[in-house]
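Here's the structure, in structure tokens; my notes come after.
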Amino acid sequence: MNFEGLDPSSLAEYASPLHPALEPVLDPHLPATLLQNVELDPDGVALDGMAVPESVHIMEGVYSELHTAVSEGHATSFFGPTLERYSSFQVHGSDDVRHIQSLENGILFLTKTNLKYMSRGGLIIFDYLMDESEDMHSLLLTDPSTLLVGGLQNHVIEIDLNTVQETQKYTVEVPGVTIMRQSNRFFFCGHTSGKVSVRDPRTFTVEHELDAYSGSLSDFDVHGNLLAACGFSSRRAGLACDRFLKVYDLRVMRAITPLQVHVDPAFLRFVPTYTSRLAIISQTGQGQFCEPTGLANPADIFHVTTVGQLLMTFDVSGTKQALAFGDSEGCVHLWADSPEATFNAFSRETDFALPCIVDSLPHLDWGQDLVPLSLIPVPLTSETLLSDWPAANSVPAPRRAPPVDPEILRTMKKVGFIGYAPNPRTKLRNQIPYRLKELDNEFDSFSQVPESPIGREEEPHLYMVAKKYRKVTIKYSKLGLEDFDFKHYNKTLFAGLEPHIPNAYCNCMIQVLYFLEPVRCLVQNHLCQKEFCLGCELGFLFHMLDLSRGDPCQGSNFLRAFRTIPEASALGLILADSDEATGKVNLGRLIQSWNRFILTQLHQETQEQEGPQAYRGAGGSSFASAGESVIGQLFSCEMENCSMCRCGKETVRVSSTLLFTLSYPDSTEKPIKDYEFVQILKRSICLEQSTQAWCENCEKYQPTVQTRNIRCLPDVLVINCEVNSSKEADFWKVQAEFAFQKALMKRGLEVPKGKDLALGDWKELGSAEPGQPYPSMEELKNVWIPHAIRMRLTKNKELDVCNWSESDEPSVSDDPDSVHVYDLMATVVHILDSRTGGSLVGHIKVGETYHQRKEGVTHQQWYLFNDFLIEPVDKWEAVQFDMSWKVPAVLYYARRNLNAKYNLTIKNPIEASVLLAEASLARKQRKCHATFIPLMLSEMPQAGDLVGLDAEFVTLNEEEAELRSDGTKSTIKPSQMSVARITCVRGQGPNEGVPFIDDYISTQEQVVDYLTQYSGIKPGDLDAKISSKHLTTLKSTYLKLRFLIDVGVKFVGHGLQKDFRVINLMVPKDQVIDTVYLFHIPRKRMISLRFLAWYFLDLKIQAETHDSIEDARTALQLYRKYLALSQGSAEPDEVRKVLKGLYEKGRKMDWKVPEPDGPGSPKHASVYPPVLAL
């Protein structure tokens, strides 16, 4: 038995007839002065017994409950001092419970061969079975996760409660251990032989043995430095109860004077209140209190009235306010010093079962359609119910099963006639909602965009963010991106950007800059010798966007250069993968900082176009000289900053800015005033503020009034909205409501205050009629910013800003230098989505020149750009900002007829000189190590020339994948590859097959895997300090390939799609000849270059590692072979017959090339001479 620690609460929720409370009854056997030294009430209240079957063991825990266990393996718990029943459950089918121990989350029960951990309600947490030969009697909790179990065998077992495994087995003397106690210094084991062994708590070795009784040990207890024991002595007739208690001083491990008591001691416990008093109980119900070091007083004897003949167990509560006894008839007797005694001083709250609600059913209005009729209690009856229609009037019609989720069908893998698919989690577990027909398509107005793989936990109509605005992700299969349907997300001919690259959060801003025609032309005309130049890389990316016909591009090279810019890292613009995945970054604030950074960086890099010297230093020229670059002409605005001290000293400073940040009124204004957007814009441009500044006249810091005015108007007005907190968001929301009310008043309509209207109500208020200039009501909601504004500088250089109509032109008398009309060109918004961490999308007004190039039509249209999702939208959607999920970040206003002011011709800056010989970055590279011969001027390629190409790669980041339920692998994030070697060989002429480019690409990023077996790249090959290869920068080799593409050569290779993707090149399809598709039958597997070379050319390549020169040459030979097969045969199906034979041979060979016959085999002979021989 045990009494250590359980949770106070009340049973008020239970109906009183089910759980009657026991009234306290005075015990006639209790003297008034019996327990005066044990803090008991002078009246001596005994809380009477409650009957339970058979004899019991008693325990108390960390809650205000009393737990009992009976001999048949049943456990019952009682709550509070009134012993109200809490729970009752079966612990073991036949064995009796020998020890009970309370833990934080449940109760440990020990039987003969079993340790069971159960919750207080009776649920099994774990069940630990021991060997059948075991006979366990006692357990001891040494710490919260470690338990010692002992019994009548020669060992004690240590069990880890976290893993539920045996960790140690300590040997003890026969016949074993029946009682275990512990103190701060020792473990104590009581044996049936009458001995008590004192053991080390760390090693469990015996430190001392106390030979207490000659017969057997009945009970013992430890408190402080004292150990008291009771037991039996050997007599002639057998064992007799010894009335002398053995007391030991643990400081010297010696017995002190035995304590003679007046009852036959069977149980004893220390009851330490003011003193270390002992409670000694006999099996007949007599008890006595005495001091362990004094004399027993006969007056301290009391008697417990038992139902059975004998007391079987006894324990004391943790608060020492209550004593509990269990007798042989299965009754529990609780003695306490007061009726409100507590079992535990720091008990926890007890969890009770929910009360029965039958007696307190709420009123049901069954006239409402949404009230479930199952809530109405129906009595049991033997009569026929009204709803039981006769068979003649009813036909069984089972409900038709709903259609299978298309997402399940799309991802399903079939094995035989069984299909396996991952659970898309679009429905609740074990529940299928049935909707009425008219409600099927009511909520989901964006069904044309399939839901992203991320976030399927909620029903569509419960999700605030529209599907087209949610974060889109790419689903990768075993074929990578080849079978992903990008056309489903983008039905236009404009190119999206892929989002899986690190720091791709800026994709929407890249699109905004691309659709500014002067910026697009400027960066494509820009080229410098700086290795990491954002202007050059942006020009390369814009060239890819120009060439694409709806296929997505990726800005991997641009973002690689972006990561090397020190200023970007200092501004916190470079994110770790974990930051993007967890959504801890404020993307709205981040994209505004990125916007300021990219404009400044492009301005600095394009200030001087002549000579490469201007690009070797980041800050080579003053920012104030804005007119020297096209970026400065487009975005720069000259500012006049005036500081006025209160002494009258005025300081004027001239500077330039590329963008403006909105400044909002003081948020303490109540109520918030009605402002137009142009008022806030003027306030932000002509900013006036008071601050402490140094005054040279006063020679100290003084309160200074600083005012800012502009001297000229920019061609492109860039605005950072600075909505970074709830205060700014509330301001936008209130101003949008004011604007909505004014729009209704303009129409002669009025909306009742305090009434939220549904979507159908807006439509009833009015919609756009033919010839009516007003938009519909729903289009006006959440709109504050105008589509067009007019800015004018007066002769006194004062700024005037007002709203303007898109259809109105400026007055002819207006000075074009001082009056500008701006049209909204782009808005970048932050999508707040707790499920995906949020994202950034852009609304962009695509101009006529872009539609003319892509689609051959002349018109303007607003589009939503969400990475690779592109969709036309209404112009009002671009300015609607629901601040609960769609927060504005950046606004771009472009001057009307902007393109007419700038030269928009693009002159390709890449010249043929890039193909000529260049120095290697490697220090150890010598001429004798050359693996290629550069092109001569007479060999410059022409349109239609063949060039064999192959590239090798290294891995920068490993892929992230997960296993599906059917065992297949699903790629979450692909590995990030970097090009390490690019080889181009001549495809015709006398030197056919001789390389003219064989560049190893230097990288500053950490390489995770060199993939030497497949790439042939070894550690050190890409290091300029120790490499012996021809090492160049990625930009240098990229320019060579770009020149070849622009000339119009045809690239021949094997698997070129992946090569161009990693190099980040967009090559027109008519310039790519890929042998992987030439020798391929549709819906069959792709064949490796090694097997094709063995089958068609009788060559064995890639024996140990791959070599890009060898692979490029082999691809050229295979193309020649294909031409010979297709042009030389008279039968049209000859090529198909050859391919069928190829696949049959491959299946027989298991697509493996046989081992080489020997070094003299003709299969090793090279068609081309080695480069060094030339």
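Start at 1 and count along the chain as shown; that gives each residue its number.
Just so it is clear, glycine is given a Cβ too, placed from its N, Cα and C backbone atoms.
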Between the candidate ranges 150-174, 450-474, 1150-1174, where does TrEMBL place the region 'Disordered' annotation?
1150-1174
Other same-chain residues whose Cβ falls within 8 Å of the Cβ centroid of D950, E952, D1059, D1111, the recorded divalent metal cation site, in sequence order:
L949, A951, R981, I982, T983, G1053, H1054, G1055, H1106, S1108, A1112
Given a 10 Å Cβ-Cβ cut-off, pick out the one of the binding-site residues D1059, D1111 that has the most other Cβ atoms nearby.
D1111
Would you mind checking how many other C-beta atoms are within 10 angstroms of the C-beta on E952 (divalent metal cation binding site)?
26
Mean pLDDT across the domain 'USP' (495-896), rounded to an integer, is what?
83
If you skip the near sequence neighbours and keep only those at least six away, which residues in the chain come within under 8 angstroms of D950 (divalent metal cation binding site), Cβ to Cβ?
I982, T983, G1053, H1054, D1059, S1108, I1109, D1111, A1112, A1115
